[in-house]
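The structure follows.
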Amino acid sequence: MENKEGIIGMYTAADGTQWLSDPEERFGFRANWKVNRILHRVVSDYQEVAVVETEGFGKTLVLDGIVQTTEKDGFIYNEMIIHIPLATHPRPSDVCIIGGGDCGAAREAVKYPSVRNVDMVEIDPEVVKASRKYLPEVAGSGEPDPRIRFHYEDGTAFIRRRRDAYDVLVVDSSDPVGPAKVLFERPFYEDVHRSLKEDGIMVCQSESPVFHPDVLSSVHRTLKDLFPVVRTYLAAIPTYPGGVWSFTLASKKHDPLLEGSERLQEDGNRYVNRDLFESCFRLPVYVKERLQKR
Ligand code: SAM
C-alpha cells in the first residue's frame with residue numbers, strides 16, 4: 001500500500017518548491033517545512049506514516065501530517081524523556097515505553113547498565129518499520145539491543161494487565177488526538193500507577209506550555225491526585241510548535257529535585273548533562289501559574 005503521493009498537509013508553492021504545513025493552526029501560527037524529498041509513505045491501520053527529507057532538519061518522521069521527530073533535533077526529546085526519570089530511579093531494571101515507535105527513547109534507555117528489560121508498546125508497527133529503515137540516526141542501526149522487546153498493541157490495554165511490574169514507565173506518545181488521546185486521560189494514569197513498583201516513576205510528554213497549556217495543567221492535576229511527587233520540566237526543541245516543550249514526571253518515592261544528577265549517564269549525550277538535569281525543573285512564571293490552576 002506504499003504511495004509517495006499526497007502526504008497530509010503537503011503542497012507545492014508558486015515557485016515550485018514543496019512544503020509540509022502543520023495541520024493545526026494555533027493562535028494564527030502554523031509551521032511550514034520545506035521538503036526536498038519524500039522517502040516513504042504508507043497508510044497504516046492507525047495513521048498516515050511518512051518520512052520526508054526536510055531542507056533544514058534532515059530526515060523527518062511525520063504521522064498524519066504532524067512532525068514527530070527529526071534527524072537534527074530528535075536527540076533532545078529522546079534524551080529528556082529518558083535520562084531524567086532513569087537517573088532519578090536509583091536502580092532502574094524494568095522499563096516500559098508506551099508509544100515511542102521512532103525507537104529513539106528505547107535506544108537511550110539501554111544506556112543504563114542496570115536496565116534488564118525494556119517493553120516497547122507501540123500501537124503501530126509501521127512507525128517502527130519506517131523509523132528503522134529510514135531514520136537510523138534516531139532509531140539506531142543494526143539489530144536492536146536484546147533487552148528491548150517489541151509489543152504491537154494499544155498501550156492502554158497492555159498496561160491494564162500489569163501490576164508492580166516497572167521501575168520506570170515512559171509515555172512517549174504523539175499529541176492527544178487519534179489513538180494517543182486515551183494516553184492523556186485519568187483511567188490510563190490510574191493503570192500506570194498500578195503497573196509501577198512501590199518506588200516506581202512515570203514520565204510523559206505534556207505538550208507545549210505556550211500552545212497547549214490546558215493539556216499541561218490537566219496532566220499535572222491528575223497526576224498530583226495519584227502520586228506524592230510530581231515535577232514538570234522543560235526542554236527547548238526547535239521543531240516542536242513554540243520551541244518550548246514540557247514533560248511531567250510523577251513518582252511514588254524518589255524526587256529528582258533531591259537526587260539523580262550524580263547517576264546520570266552522560267556518555268554520548270548531546271543535550272542532557274548534570275547541569276541540565278538540575279536546571280530543567282526551574283520554571284518560568286507563566287508555567288508555574290499554569291500548574292497552580294485547579
Ligand atoms: N517524539 C514524538 C513527539 O512527541 O512528537 C513522538 C514519539 S512516537 C513517534 C509516538 C508514538 O505513539 C507513535 O508512533 C504512535 O503510533 C504511538 N501511539 C499513539 N497512540 C498509542 C497508543 N494508544 N498505544 C501505543 N502507542 C501509541
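Quick reminder: no glycine exception, Cβ is built from N, Cα and C everywhere.
Remember, TrEMBL labels are computer predictions, not curated facts.
Annotations for this protein, taken from TrEMBL, read as follows:
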ACT_SITE  Asp172  active site, proton acceptor
BINDING   Gln47, Glu122, Asp154, Gly155, Pro179  S-methyl-5'-thioadenosine binding site
BINDING   Asp102, Asp172, Ser173, Ser174, Asp175  spermidine binding site
DOMAIN    8-252  domain 'PABS'
Which chain-mates of Glu122 (S-methyl-5'-thioadenosine binding site) that are at least 6 residues away have a CB under 8 A from its CB, listed by sequence?
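Expected: Gly99, Gly100, Gly101, Val128, Phe150, His151, Tyr152.
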For ligand 1, which among the recorded positions Asp172, Ser173, Asp175 have a CB under 6 Å from it?
Asp172, Ser173
Would you please pick out, from the binding-site residues Gly155, Pro179, the one with the fewest other Cβ atoms within 10 Å of its Cβ?
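Output over binding-site residues Gly155, Pro179: least Cβ neighbours within 10 Å is Pro179.
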In whole Å, note down how far the CA of Gln47 (S-methyl-5'-thioadenosine binding site) lies from the CA of Asp175 (spermidine binding site).
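Each residue's Cα considered, Asp175 (spermidine binding site) and Gln47 (S-methyl-5'-thioadenosine binding site) end up 13 Å apart.
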In sequence order, which residues at least six apart in the same chain have a CB under 8 Å from the CB of Ser173 (spermidine binding site)?
Ile98, Gly99, Gly155, Ala180, Leu183, Phe184, Cys204, Gln205
What three-state secondary structure does DSSP assign to Pro179 (S-methyl-5'-thioadenosine binding site)?
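Note: Pro179 (S-methyl-5'-thioadenosine binding site) is helical by DSSP.
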Among all protein chains shown, how many Cβ atoms are found within 10 Å of the Cβ of Asp172 (active site, proton acceptor), not counting that one?
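Total other Cβ atoms inside 10 Å, all chains included: 28.
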Beyond the listed site residues Asp102, Asp172, Ser173, Ser174, Asp175, identify every same-chain residue whose Cβ lies within 8 Å of the center of their Cβ atoms for the spermidine site.
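After dropping the recorded site residues, what remains is Leu63, Gln68, Gly99, Gly100, Gly101, Ala180, Gln205.
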What is the set of residues, excluding Gln47, Glu122, Asp154, Gly155, Pro179, whose C-beta falls within 8 angstroms of the centroid of the C-beta atoms at the S-methyl-5'-thioadenosine site?
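For the S-methyl-5'-thioadenosine site the neighbour list reads Tyr46, Gly99, Ile123, Asp124, Glu153, Ala180.
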